[in-house]
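Trainee: Copying in the features that TrEMBL gives for the protein in this structure:
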TRANSMEM  21-47  transmembrane segment
TRANSMEM  59-77  transmembrane segment
TRANSMEM  89-108  transmembrane segment
TRANSMEM  128-148  transmembrane segment
TRANSMEM  169-194  transmembrane segment
TRANSMEM  200-219  transmembrane segment
TRANSMEM  351-374  transmembrane segment
TRANSMEM  395-412  transmembrane segment
TRANSMEM  432-457  transmembrane segment
TRANSMEM  478-498  transmembrane segment
TRANSMEM  518-536  transmembrane segment
Amino acid sequence: MEDSKVQQYWKPGQGGFRATIFVYVLIAFENMGFVANMSSLVLYFLFVMHFGVSGSSNTLTNFLGSTFMLALIGGFISDTYLSRLHTCLIFGVVEVLALVIITIQAHYPSLHPDPLCPSNCLKGSHAFMFYTSLALYALGAGGMRGALPALGGEQFDPKDPKEKKALTSYFNWLLFSLTLGASFGVTVIVKLGMDHGWDVAFFICMLACVVGFIVLAIGKPFYRVKPPGDSPILRIIQVIVAAFRNRKLKLPEETEELYEINDKESSEDYEKLAITKQFRLLSKAAILSKDSAPGPWEVCTVTQVEEVKILIRMLPIIGSTIIMNTCLAQLQTFSVQQGQAMNRFLGTFEVPAPSVPVILLLFMAILIPVYEFVFIPVARKFTHHPAGITQLQRVGVGLVLSAVSMSIAALVEVKRRNQDIKYHSTNSISLFWLSFQFAIFGIADMFTLVGLMEFFYKEAPSGMKSLSTSFTFLSLSIGYFLSSVLVSIINSVTAKYIKLRMGWLEAQNLNENHLDLFYWFLAILSCINFANYLYWASWYKYKAENSDSELSDKMALVGSSFHKEESNE
């Protein structure tokens, strides 16, 4: 990296929490609209677009899955071509444009399908406008998410002990800002939408987005803006090619014989990594023949090889968190539909069904400061870990709680359906019975989402911070897509082989479905997934920096207790 760029990156007075305030404002304002839409769009699809119960749920989960998948695009672009700030602002323009189109279509009834049509009636130019707006919304919101967490993360110097410690707090307050904005969205914006029309709600979401991105742009003088580097994909391919070329060579007994650039050749932010014993075939990419000169396709540095190994080691962790995000999808689809069929009155005030997730958000908003100011300091005294517990331990707690949440959801659905059938929908149980499953999942999400984001950011190679952090959203994306797939499979299998009149989740009337059995299925799947996660979390080796043998924490959960296992990397 050029000296001038390095000096620009570390300019005095930039970075720290002063800079991340602008990130927090954007994440709060953008999620006012995004999370409000996550919880209410299923009803918009159901009652305005006439997609049917399963169709509405699948359309929403497919949209959210696409949004989080496209975070990888934003992460890749901000690592390779544009700064993270510019990436966020460009995708922000796309997101605002999408919300303008969605607002216009919601405002004019002539752009809706025939209200007398029972289901799946969106066709022609109306369908083109609808799906174009959703595609742009997914691209804008997803691309921004791929760059924003890393933009805030790079405001803290990992080589400074105080700033390195503050990084954990940054991710906690990032989630806290999200919950505050989202809480406003699923209450005030959703209520305005229910009372005054969908177009009003979408218009407010658009305005909130505009304000958020303007504030982010205003904060430019305070940011440490790191210039993009080499393509992470190209670096990965170079390691694979070099390892294949050297596949017949024998690894030297002394690791010092493997190729690595010296300190004089490296830039100030070059993060050297020590060689590890895992994936020894890839280590051969760092063998430099005596008669050859270093070249990007001939030999790779030990650090470059280890960067690829890190990404490979992350893959099972990503895979082990997908089921939890599939469970999360149910709280934004079927649970909202449950709420629509329940007694939503709090005294004389009628609570909109899409506002139910505020229970989850309020629990998170209360518990994040408790976690930051109470749990971390107390845990730190016992574990001597800067964050109290390791990121993988934090994720493990969330996975256990997600299984508990699905079990409670199944029990609540049985009670709701039985009472509804008994009293012919005239004496439905209170909406607040759903608070149990939402509250527990809120705690689970607090542990897992921040744990994953911090884990991927800290473990990522210096040139892949955005792309790696986007893996959190990749897990969310696959989880939402898997939800759609599971709903379709469950409907197909139960209708065909269990000799039911229709699948568990196919009926338009929620009382004719077997949503409780689907929740039990997810709870069992979550337990199996947790056992799988324990294996991979124990197998994972944290990266060692600067060729030092560092002690790292490994995940080991037995029952409900934690213990820290030290491993020499």
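The chain as shown is numbered from 1 upward.
The backbone N, Cα and C atoms fix where each Cβ goes, and this holds for glycine too.
Map the listed features onto the structure and describe their local environment.
Mentor: Within its own chain, the transmembrane segment (89-108) is flanked in space by residues 30, 33, 44, 48, 74, 82, 126, 129-130, 132-137, 139-144, 147, 197-199, 202-203, 205-206, 209-210, 212-213, 216-217, which lie at least six positions past its ends and keep a Cβ under 8 Å from the stretch.
Residues 19, 21-23, 25-30, 32-34, 36-37, 40, 85, 88-89, 92-93, 95-96, 99-100, 102-103, 106, 181, 185, 189-190, 192-193 of the same chain lie 6+ residues outside the transmembrane segment (200-219) yet bring a C-beta within less than 8 angstroms of a C-beta in it.
Counting same-chain residues at least six beyond the ends of the transmembrane segment (351-374), those with a Cβ under 8 angstroms from any Cβ of the stretch are 35-36, 38-40, 42-43, 169, 172-173, 175-176, 179-180, 182-183, 186-187, 190-191, 193-194, 331-332, 335-337, 339-340, 342, 344-345, 431-432, 434-435, 438-439, 441-443, 445-446.
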Trainee: Are the transmembrane segment (21-47) and the transmembrane segment (169-194) close, by which I mean at least 3 Cβ pairs under 8 Å that are 6+ residues apart in sequence?
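Mentor: Touching, yes - the transmembrane segment (21-47) and the transmembrane segment (169-194) meet the threshold of 3 or more Cβ pairs under 8 Å.
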Trainee: Per the 3+ Cβ pairs under 8 Å rule, pairs at least 6 apart in sequence, do the transmembrane segment (432-457) and the transmembrane segment (169-194) touch?
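Mentor: Stretch pair touches.
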Trainee: Given pairs 6 or more apart, does the transmembrane segment (518-536) have at least three Cβ pairs under 8 Å with the transmembrane segment (395-412)?
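Mentor: Per Cβ check, the transmembrane segment (518-536) touches the transmembrane segment (395-412).
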